Amino acid sequence: MEIFSNTQKMIAKKIDADTVISNWKDWKWQVRHTIRDIPTFEELLGIKFDDEERAELEKTISIFPLSITPYYLSLIDAADYKNDPVYKQSFPSPSELLVEQCDMEDPLAEDKDSPAPCITHRYPDRVLFLVSNVCSMYCRHCTRKRRVGNIDSIPDKSEVRKAIEYIKDHTEIRDVLLSGGDPFMLPDDHLDWILTELDNIPHVEIVRIGTRMPVVLPYRVTDELVDMLKKHQPLWINTHFNHPKELTNSSREALRKLADAGIPLGNQTVLLAGVNDCPVIMKQLCRKLVKNRVRPYYMYQCDLSEGLAHFRTSVAKGIEIIENLIGHTSGFAVPTYVIDAPGGGGKIPVMPNYLISWSANKVVLRNYEGVITTYTEPESYKPPYCDGHCSGCNMHMSIEGGDESKSVGIAKLMCDHDPVISLVPENTARMERRADE
Ligand SMILES: *Cc1c(COP(=O)(O)O)cnc(C)c1O
């Protein structure tokens with residue numbers, strides 16, 4: 001047993017020390033004992049809200065419910081809880097009830113882009129598959145806040161089957177991203193069934209799981225779970241650490257087990273005001289992650305979901321953080337900063353500008369130190385002409401039929417073989433005038 005934190009001692013005092021010690025690392029016990037009401041939270045943390053505050057908090061959780069695992073709660077520093085990043089991510093704030101004009105119920109239009117139950121199909125070759133709508137800990141900054149705690153929306157087996165059918169019927173899908181809710185809330189055998197079904201679809205090349213369990217309930221990563229996951233390679237896992245404080249011994253142990261099983265690990269962090277909107281914190285987080293074999297993958301601008309206004313930062317803050325990472329630390333410790341486009345446009349990367357100017361044969365660049373330099377472009381470079389059919393190409397790569405049909409967006413504008421010369425928004429007055437003529 002690890003040394004008890006003060007909060008853990010508190011929990012032990014309230015529940016019964018022996019029970020707590022013997023069950024602490026049992027994830028099902030942790031789930032059964034999630035803290036779901038304000039008085040229990042106050043009691044366990046040894047704090048007291050005044051009546052007005054408590055009433056506001058009660059009102060908040062009646063709309064956006066509360067759930068914290070005893071493990072995650074034990075990370076809160078009771079002496080300074082109001083500034084604690086774990087507290088801020090897990091405990092409600094009455095600010096969640098302030099809806100701003102730009103807020104949306106489903107900002108990423110995940111429901112609109114859903115051709116089958118539990119599926120969001122936004123990109124050409126991959127889908128998001130929501131296999132669970134429950135979590136052990138409810139992140140206050142959840143982008144799917146509209147559904148948190150909504151038991152009715154837990155997909156049943158027939159819905160999951162329909163989703164699997166959709167993936168079977170669409171041979172362009174080569175990457176399936178299991179998310180939720182937390183897929184690791186499912187029993188091992190249920191998850192095993194889903195993964196086996198996906199393994200049996202020939203065109204599905206990789207499966208990914210998005211889970212916050214290594215952060216909020218690391219004991220979920222049992223040897224049995226890892227043994228089951230190992231059978232389903234190639235499987236990638238993305239987790240969600242937001243603050244260096246979350247990388248505890250227990251968390252690191254969960255990450256070690258997954259990495260030792262040969263599962264590549266990534267991290268998706270959300271830029272949150274008051275939690276990690278600081279270059280020093282973010283750099284330490286990224287360094288700690290790579291030290292534990294987790295590759296920082298994305299840093300998200302906080303979405304426009306209802307109830308998240310108090311968590312949002314300016315985009316400038318995100319760019320400032322990336323400016324403090326690129327060049328300053330290992331390249332693979334730098335996540336890609338993305339804004340998930342409202343309306344369903346997908347993830348859009350944003351970063352500082354390094355390309356300062358351009359002449360006929362030179363680009364002018366600046367590095368992280370402020371050095372301004374030039375790169376002279378070759379005078380005689382001739383890009384190979386591409387007709388979209390790899391079979392006629394001499395680059396030692398014959399791809400049946402080429403990739404012609406898949407040219408999309410700006411890439412389509414750039415390609416040699418497509419006659420399209422511009423992308424024009426629909427319904428502009430100019431286009432309507434043309435149609436009238
Ligand atoms: C994020 C996301 C993906 C995966 O995007 P990657 O950039 O490949 O990680 C797929 N589908 C949806 C709907 C997503 O939001």
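Including glycine, each Cβ sits where the backbone N, Cα and C put it.
Here the structure is a predicted model, which means the values were calculated and not measured.
These come from TrEMBL:
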BINDING   CYS135, CYS139, CYS142  [4Fe-4S] cluster binding site
DOMAIN    121-333  domain 'Radical SAM core'
MOD_RES   LYS347  N6-(pyridoxal phosphate)lysine
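The binding-site residues listed here are CYS135, CYS142; among them, CYS135 has the most other Cβ atoms within 10 Å of its own Cβ. Least crowded of the recorded positions (CYS139, LYS347), judged by neighbouring Cβ atoms within 10 Å of its own Cβ: LYS347. Cβ proximity to the [4Fe-4S] cluster site centre (mean Cβ of CYS135, CYS139, CYS142, cutoff 8 Å) flags the following additional same-chain residues: MET137, TYR138, ARG140, HIS141, ARG144, LYS145, VAL148, ARG212. Closest by Cα distance to LYS347 (N6-(pyridoxal phosphate)lysine), from the binding-site residues CYS135, CYS139, CYS142, is CYS142. In this structure, the recorded positions that sit close to ligand 1, with a C-beta under 6 angstroms from any of its atoms, are LYS347, chosen from CYS139, CYS142, LYS347.
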